[in-house]
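Annotated in Swiss-Prot:
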DOMAIN    373-419  domain 'LysM'
CARBOHYD  ASN46  N-linked glycosylation site
CARBOHYD  ASN71  N-linked glycosylation site
CARBOHYD  ASN283  N-linked glycosylation site
REGION    375-405  region 'LysM domain'
SIGNAL    1-18  signal peptide
Amino acid sequence: MIPRNLISGLFLLPFVVAELNIYGYLDLKTLADGFHTTTACIAALNQTVDCDARTAVAAAVADTYYWTLDNVTTLCTSQCQQSLTSWTSAVDAACGNRPIVEDGIVKLASSTPLTYKEGFDLVCLKSGDSWCMIESQEWEGSDILKYPTDYCSTGDPEYDGPECFEKGFDQLAIEAGDERMTSLYEKDLLCSDCFLKVFRQRLLSPFLLKGGYTSYLVEQFQDMQSYCSTSMPYATSTSEVFMGTATRTMPTGSPPPTTTCGGPTIQPTDPPLSCEAITDKYNVTTGDSHSDLHGEFSLASKPRFLKANAIDRQHEPIEKLDHAICYAGTSEPPGGSYESQPPVHQPTGASEYYTTAIPPAPTSTGTTPSCGRYYEVVAGDQCNTIALHFGITVDAFLSLNTQIDERCSNLWIAYAYCVAPVDIVDQPMTIVDQDIATQGNVLPATELPSPRMGRVVLNIMIGSVVTQLLENAALSMDIAGVRRTSAQQGIVIRVPVIQTLAKRVLTVRADQALQETKHVPALNLAHVATWRDIVEMEPTTAHPGDAILERAKGPRIHSIALYVTVLYLDLWI
């Protein structure tokens, strides 16, 4: 990613870089292997382009930067325009319709020069003596009135707006009139030559996907021409430069010899990594031989290392991208063998979300409301690329967003789609028996979920004695309930399990939860606020029979049964 301040500071530079060469002096054969194409295709992609390198690279993502007059005039030369056209033609001739694989995405090789050419055409639009890109940076449209994102967040009529409880109300919906371009901009601006040219140029993009968003743009442009009493010819792209995600093709023929490895292996990836990615990931250099790797990594003797990997010649170079290397043989090598440790489970998968997320953008009918994570679609996205990014299948993505057709032709840019459902997990419970305290026998208390991580000490007050309830309590992602159990002179509790001791608390109608207690720090709960990431609470000083009422902005409230009383979070120091 180019630094954001690059373009705004370009006018300060006393020189320009007169040539663009995207791969520089990298080895063509290595690049061809990594992109799964020919060296002739890579040579065409890597040819020198007669454009200022800094502004040309920035033009490939033109909307990311603020353009000055010096930036635009440096880029927009006739030599650069001709060179970009020649570059695109050369890649078409050398690569044809043969796809390349880059970062797991299968696409036409021509998509690379087209990215730069599209940016050049947009930045270099003119109306008379004016540069439209510079003008467009000052355009302002009308504000669209929308409800705050937390307008309906609690589900409580006391706090949420009355509209939240009306059937069919959608706080993120946009009024039909607000979707019209003619309603968002003043007529003098919308009908100006630059405005129409820029909008038309967007429609000419080779990366504009077929589907609902493109149809929306075409509809708006036709509406604008009618509104402005003008006519401008245009045609949307018919080519598809993105073909989807790479799939692994299994080789035919005899399987390789079966070997057993007692140590870690370098496993092939799907899609396969390029040579550069492999060397970066495993800290080896291109051209390393098996003998080199043995000396660097293996604990086994060289004959055992070669045998474990079915290698005939120790100095044979490693040329196959999908070749797995065994570091240690099956027998116990000198110095001992490596024993892999079990993985530590941490909720990172798409299904491990325990609360409903708030969409970052409008959603359309068909997206499941029980969604743990949303993704806002941007230009160039497809169903399979979104699924690949979030580690789910396309079928799973479509099941979470049933309005999307099988061809993924109605994916809308700037709309939010669900990529992970809310996962409901039944937490196992354990029973903890409490020892006898000095002033009474404490009854068994139903306690916490099985520990996941961390360590915290919880205490209860029995008469005037502080008794440790559970030494190995755990930090968890969920909330346990609270129940009152009678003891001779004290209270036994089933405590809430929280992710972290924090700063906010929401309590209502404690119903005299603090019975027979003194003025001591205590936590008084009747409802628990579930936030998107963590639940946060802090101890407060309460009096017998008192209830604390404080609204925390934005949480979703889930009622839980409350049967008890006092929780002391290790406050006696």
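Every residue gets a Cβ built from N, Cα and C, even glycine.
Fair warning: this is a prediction, and the values are worked out from it, not measured in the lab.
Broken down by DSSP into helix, strand and coil, the domain 'LysM' (373-419) contains 15 helix, 9 strand, 23 coil. Among the glycosylation sites ASN46, ASN71, the residue whose Cβ has the fewest other Cβ atoms within 10 Å is ASN46. When the alpha carbons of ASN46 (N-linked glycosylation site) and ASN71 (N-linked glycosylation site) are compared, the span between them is 24 angstrom. ASN46 (N-linked glycosylation site) falls within neither a helix nor a strand when secondary structure is assigned with DSSP, and so counts as coil.
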